[in-house]
Amino acid sequence: MVRKIWSLSFIAFVLVLTSFLPVQSVSANPLSDIPDRSSEEINYLIQRGVIVGFPDGTLKPKDPVTRQEAATLVGRALELNGEKRSTIFPDVPKASYASGYIQSAYDQKIITGYPDGTYQPQNHITRGEMAYLISKAFSLTSTSGTQYSDIPTEGALTTAIDKVSTAGIANGYPDGTYQPGKSITREEFSLLIARGLNPKFKVGGTDTTPDQPIGEKYVSTSILNVRTGPGVSYEKVGKLSLGTKVTIYKEVGDWCQISYNGTRAYVHGAYLLDKLKEKRVIAIDAGHGGYDGGASANSVLEKEVNLAVSKKVRDLLEKSGVEVIMTRNDDTYISLDGRVKHAVDNGADTFVSIHSNAFPNNESVSGIETFYSSAALNDRAYKSYKLASFIHDRLVEAMEMKSRGVKDVPYRVIHATPLPSALVELGFLTNSSDASKLGSTYWQDKASKAIYLGVIDYYNWIDK
Ligand SMILES: [Zn+2]
């Protein structure tokens, strides 16, 4: 998609911008007044949608940056949530184009207000304020004792200025001053953002020590995209799989900078966990099999429905990283105790048996019922009840069938076992409506998805 960003005004563009931008290419008209000395950095930001020109096609590089513009630029660079909303500051109403970015930057502790609680969005941002903002936005930690003649020898401002100087993002004037009260131009601010985002633009920094990792985490999703920068508009350079350990060097907004194939790259922090989740192993038990066909009515045979649904459940669980032990994969007879033993011997932590129901003398009986057995030691009974309930609720909703309830009945496969266990009855083959659903691929898919979601609900509950 080509966005004609040049034809939109700064404010109009922000109004249509909600949370983040898709990858975009840039139209042929460069802004007319980009200074040569900073064109590489400014074009880098333009390509990422961080900088937008004025309607007349200019950048106005010498204009000062207001505090609301600063929050917006940083918010776009870090792909914070820019959706307009109420803010903590009385002088930044929801209707303000910058309200979303100002609140997001405040939430991330990147910006603060004045002692009287206001933000003063129209004030020009000063070089001192900018040092705070940039050091927070890019999580700068290294200091080197950088001193300027017009800055106190210690204090929060001194530390912030030391950090941006040490990182090679900002520096002082040739006369040895920093001039913290001076406002900053659009060109200068752009350079700072570009240097924060991409180390290749850094200048004159004294930070020669290799940066230290701040921690290690684990990938919590089946596929996690790795990108060149802290946002979805940056190029994908690879993927990480569930459980991969990553070393983190810094956090930029919601993103984490990690080491990847000998270089640095970014992943979204929402998909990282402090510790690896326990590997989940579930036994899926397709009821009956072989000479034991189970129930049979309305041309539907129970053992076939059970196996078809069980295999679909297996595929869904395996995709989300759960290991599945099948008690049977084909039309074989296995004893009830043999099913439990197979699950336990293969390290299953949970057992789900899948059946279809029958009520030969009354074809009006219909609906879903799910069983657990409370007659057991330890916490297995309550876990079994929760497992049965999560699956039952998902099934009733997905199958559009009557709920016959979650019931405590000591069926052998869910009773004589150390595992939290549930037995599902998908519906009544003796009821023509239930039977036609259970015989169709469409409804078998729905049942499988529901059982899968119920199992995930259960595991999420266990993990809490
Ligand atoms: Zn059965």
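A Cβ is built for glycine as well, from the same backbone N, Cα and C atoms used for every other residue.
A TrEMBL annotation is a machine prediction, not a hand-curated record.
Keep in mind the model is a prediction, meaning the values are calculated, not measured.
Quick look at what TrEMBL annotates:
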- 25-84: domain 'SLH' (DOMAIN)
- 85-148: domain 'SLH' (DOMAIN)
- 149-207: domain 'SLH' (DOMAIN)
- 214-276: domain 'SH3b' (DOMAIN)
Could you name the stretch, out of 25-84, 85-148, 149-207, with the greatest number of CB pairs under 8 A to the domain 'SH3b' (214-276)?
25-84
DSSP-derived helix, strand and coil totals, residue by residue, for the domain 'SLH' (149-207):
26 helix, 2 strand, 31 coil
The domain 'SH3b' (214-276) - residue tally per DSSP class, helix then strand then coil:
3 helix, 38 strand, 22 coil
